[in-house]
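Record features, source TrEMBL:
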{"type": "DOMAIN", "residues": "27-248", "note": "domain 'Rhodopsin'"}
{"type": "TRANSMEM", "residues": "6-30", "note": "transmembrane segment"}
{"type": "TRANSMEM", "residues": "42-61", "note": "transmembrane segment"}
{"type": "TRANSMEM", "residues": "85-108", "note": "transmembrane segment"}
{"type": "TRANSMEM", "residues": "120-144", "note": "transmembrane segment"}
{"type": "TRANSMEM", "residues": "164-187", "note": "transmembrane segment"}
{"type": "TRANSMEM", "residues": "199-221", "note": "transmembrane segment"}
Amino acid sequence: MISNRAVPTLITTYVFTALACIFVALKIGVRAAIARSPGWDDALILCAFALAVPLAVEMYFQAKYGMGVHMADLDPTTLMKQEHWFWASTWTYSTCVGFSKLSVLVQYLRIFVDRRTRILVWLSIALMLGYWLEALFVGILQCYPVRYFWDRSVEGGRCTDMVAWWYALAGQNLFTDIAIIAVPIPALRHLQMPRRQRIGLTFAFAVGGFGCAITVVRLWALYQINAVPDVTYWNAAPAMWSAVEANSVAADGARE
């Protein structure tokens with residue numbers, strides 16, 4: 001049975017996943033019908049959405065196996081399943097966000113032609129790739145052996161300081177949001193572009209600002225998890241905001 005605390009997380013996840021699907025479908029459809037010139041940004045946003053759907057599935061199974069329920073109220077088998085799905089969602093989320101942000105940055109390369117801005121964009125892409133790879137490997141290899149993350153009966157298992165890593169990755173995620181907003185601003189004063197592209201860039205900045213706000217909210221939620229070691233109960237809120245961020249950034253990457 002799904003906890004009442006997990007219901008808002010599931011509803012929000014499914015709504016934002018559906019919205020991201022609409023944005024991605026519109027972008028790919030328009031590009032195929034009119035421009036007929038798919039680019040790397042299209043491939044990246046398709047990869048991002050291909051991960052947003054499994055993320056929604058992982059949220060469901062986390063809810064099914066105890067998200068929003070106190071750990072003390074879960075039997076060992078159910079808790080193991082919950083932790084397994086939680087583990088999967090951590091690196092699915094970071095990879096989805098990584099592909100989405102890379103898609104936005106690659107679109108900048110199509111829009112901006114001045115050397116200074118393009119250098120900054122390429123540096124941001126390198127930074128984003130570094131963040132994604134770090135988040136991916138930390139997400140998968142938080143514990144050794146990997147199974148120890150959800151099965152503490154494994155002998156000799158050990159984990160890194162996961163909360164410290166979550167804080168570090170959230171801080172880096174916030175920095176990449178700020179970079180996506182800040183990099184093109186100096187060039188905008190001298191850039192002549194169609195109204196449609198200006199609207200698209202304005203939307204990108206708005207979603208980037210929204211992403212910054214979500215990251216701050218997630219940091220507060222992580223603080224709650226650290227202050228009260230009851231991950232299954234307190235994870236409902238950060239899980240919801242993670243899904244909102246992943247799908248919002250995917251929608252941003254799909255805008256024209």
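Including glycine, each Cβ sits where the backbone N, Cα and C put it.
Fair warning: this is a prediction, and the values are worked out from it, not measured in the lab.
Computed over the domain 'Rhodopsin' (27-248), the whole-number mean pLDDT of the model equals 83. Stretch with the most C-beta contacts under 8 angstroms to the transmembrane segment (42-61), considering only 6-30, 85-108, 120-144, 164-187: 85-108. Comparison of 6-30, 85-108, 120-144 by number of C-beta pairs under 8 angstroms to the transmembrane segment (164-187) places 120-144 first. Counting only same-chain residues 6+ beyond the ends of the transmembrane segment (85-108), those with a CB under 8 A from a CB of the stretch are 39-42, 44-45, 47-48, 51-52, 54-55, 58-59, 61-62, 65, 117, 121, 124-125, 128-129, 131-132, 135-136, 139-140, 142, 146, 149-150, 169, 173, 176, 180, 183-184, 204, 231, 235, 239, 242-243, 245-246, 249-250, 252-254.
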